[in-house]
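The 5-phospho-alpha-D-ribose 1-diphosphate binding site annotation in Swiss-Prot covers GLY81, 84-85, THR89, 91-94, 109-117, ALA121. Annotation comment: Swiss-Prot describes GLY81, ASN112 as anthranilate 1 binding site, evidence class sequence analysis. Sequence annotations record features per position, and here Swiss-Prot assigns Mg(2+) 1 binding site to SER93, GLU227 based on sequence analysis. Summarising the annotation, Swiss-Prot assigns anthranilate 2 binding site to ARG167 and lists sequence analysis as the type of evidence. Under the heading Mg(2+) 2 binding site, Swiss-Prot lists ASP226, GLU227.
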Amino acid sequence: MSDALKPLIGAAADRPLTRAEAEAAFEILFEGEATPSQMGGLLMALRTRGETVAEYAAAAAVMRAKCNAVRAPEGAMDIVGTGGDGKGTLNISTATAFVVAGAGVPVAKHGNRNLSSKSGAADALAQMGIEVMVGPAVVERALSEIGIAFMMAPMHHPAIRHVMPTRAELGTRTMFNILGPLTNPAGVKRQLTGAFSRDLIRPMAETLAALGSDVAWLVHGSDGTDELTITGVSWVAGLSDGAVTEFEVHPEEAGLPVHPFEAILGGTPEENGAAFRALLAGEASAYRDAVLLNAAAALKVAGRVTALPDGVMLAAEAIDSGAALAKVQGLAQITSEAT
């Protein structure tokens, strides 16, 4: 038990913690020096008052400092969602990552088991023959040789094991629900990140700015999804040159049609895997259009295009040429050789 944490818990209930105070608190948590009741007390004090950007940045900075880091190629980016939107859609961010890699942008994708979809990122990758429980050396090899890798959060953030039982017992959302996208082990400076709530996109963008990111889009779909939606408008908090601006994205401005929400609903992991394979084979669908929209945004964040329609064209070429499928096959081969 840490006596040093007690005054910080009390302070957190009354006022925002400074970044230094919050870093001290999370250092204690991640070292396993806090009791479960202390962990729960701190997390709920922060949630009840409302977490600040300084507190998010502090927790993320401590997590980053303690992670099993990997080296990534210059210009690598992350494409990730918080999960937890409860919508059960097809896995769009994972498919988008392979398309963007197929278009020539290195993708160091951070993720975990499913939160709300019936098939989360790790589950979708397993359907494609990709082993996700691999360490930093395999991740670095994949990034170097084929320009894409998947980093399973528990393999890179061992310190979170101290907090997981308390999170499970609390049974409610805490700031840990958004820390994953803020703690990429490859230290990427560019990312397309979905949030389960519109209220989170600005504070998450401001947190990434405080952590030194260069360019990021934090997005939330009007249908409640944690990505750019193909069903209508999406809201974006964009980080560039240290400033955050908010704007909207509509599928039509990327040259894509609007689809009904039912068209992007997922199923079992096997059904979602089949949809993923059909997408990579070039099949036209709402799923393809959703991936094209998100890939176009990612390519814009990466600096490869300046307009969404150009990003859609580049992404479509990555699919139809077989380049995206080749990335899937390459990652499956590298990870299978390592296990």
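Placed from the backbone N, Cα and C atoms, the Cβ positions cover glycine too.
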SER93 (5-phospho-alpha-D-ribose 1-diphosphate binding site) in three-state DSSP notation: helix
For ASP226 (Mg(2+) 2 binding site), the one of THR89, HIS110, ARG167 that lies nearest, given that the binding-site residues are compared by Cα: THR89
Residue from ASN112, ARG167, GLU227 whose C-alpha is spatially nearest that of SER93 (5-phospho-alpha-D-ribose 1-diphosphate binding site), among the binding-site residues: GLU227
Packing count at THR89 (5-phospho-alpha-D-ribose 1-diphosphate binding site) (other Cβ atoms within 10 Å of its Cβ): 26
Shortest C-alpha distance to ASN112 (anthranilate 1 binding site) - which of the binding-site residues GLY81, THR89, ARG167, GLU227: GLY81
Cβ packing number for ASP226 (Mg(2+) 2 binding site), 10 Å threshold: 31
List of residues, in chain order, with Cβ under 8 A from that of GLY81 (5-phospho-alpha-D-ribose 1-diphosphate binding site) and at least 6 apart: SER93, PRO181, THR193, GLY194, ALA195, PHE196, ASP226, GLU227
In three-state DSSP terms, the structure that GLY81 (5-phospho-alpha-D-ribose 1-diphosphate binding site) belongs to: strand
Fewest other C-beta atoms within 10 angstroms, as judged across HIS110, ARG167, which are the binding-site residues: ARG167
C-alpha spacing of the residue listed as 'anthranilate 2 binding site' relative to THR89 (5-phospho-alpha-D-ribose 1-diphosphate binding site), in angstrom: 25
Site of maximum Cβ density within 10 Å, from binding-site residues SER93, ASN112: SER93
